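Undergrad: Right, I'll just put the structure down here and ask away after.
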Amino acid sequence: MILATCLAFYGFLVAVVAPRFLPRLTAAGTAPRFGAAVWTLTAATAVGAWIGAAVAALFSLASWPGRVADVLRSCLAALRPLGITAPWVAALLAVPAVLVSVWLGWLMWRAARHWVHAHVHGKRHSRAIRLAGREAPELGAGTIVIETADVAAYCVASPTRTVVVTRGALDALDRDELAAVLAHEHAHLRGRHHLLLTALRAMRRALPGALLFQVAEVEVARLLELCADDAAVKRHGTLPLVAALASMTSNPAPRGALGAAGASALARALRLAEPPSRSQSTIRRAALGATATGMILGPGLGLVAMGVTICPVFFQ
């Protein structure tokens, strides 16, 4: 039971500290791919610790040592005159195991339900835009143009990779700006960013009261936009993408889609126009690296050492 307690406490510690500490390291957008990986690792570590604690508790309850069993038998013998027999005691002891099993099942059901819902919503949205718009192979494979005055572009990954561009965007952006925006959307699709965001949203839905998963979803979504920005800049330069973002700040992507526009477009344009200094980037990369190393090595080594010394049930 010591191991289960340690894992549960570590998950709680990560869930409390990370939402207040990590945003300071990733706010500037230095190494956005690495930052998104650290956020995802942090969220997965907390969930893994809690699930591990639940499983360890089940094994601990199923393999109590002989002394505890002797104590329970003595208690049962004392309770027999009151009419409390072995089946009642067995049922009482089974309650924690049942509660833990129900919690694990509920957690997995909530996550799976959100994953299926996101996939179905993506299929419906993709089908709707293909009915409402027209294919534009001259803009690239899988590109759909929708006749609306809004200046917007976004991508939908389910079930097929589709990039949506509005007539307003075609009219407002020049050729280089449009190419940069399309490169941004294709970077999302190549990187399968939608899968990562769907997983984080599933965690948030499964554990709605945990601030960690709410902040992680927002931060990872922002960092993935920065990853796509950097990919577009490598191919088409900074100025075309900055100009395009300035024209698209008021038209966010629909729910479940990834797009260059939105409330963060202006901040992203400023980041591209005024990148952080090399020293600042180095410091933030080092801090992120130390955080990731601590997430991977620190708790694992500490729990193994503690388990070997005071929890021999699992380490004999």
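Using N, Cα and C of the backbone, Cβ positions are placed for all residues, glycine too.
Residues or ranges marked as domain 'Peptidase M48' by TrEMBL: 128-204. Taken from TrEMBL, the feature transmembrane segment covers 38-61, 82-109, 286-315.
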Undergrad: Please count the residues of the domain 'Peptidase M48' (128-204) that DSSP assigns to helix (H, G, I), strand (E, B) and coil.
TA: 42 helix, 15 strand, 20 coil
Undergrad: Return the average pLDDT for the domain 'Peptidase M48' (128-204) as a whole number.
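TA: Result for the domain 'Peptidase M48' (128-204): average pLDDT 88.
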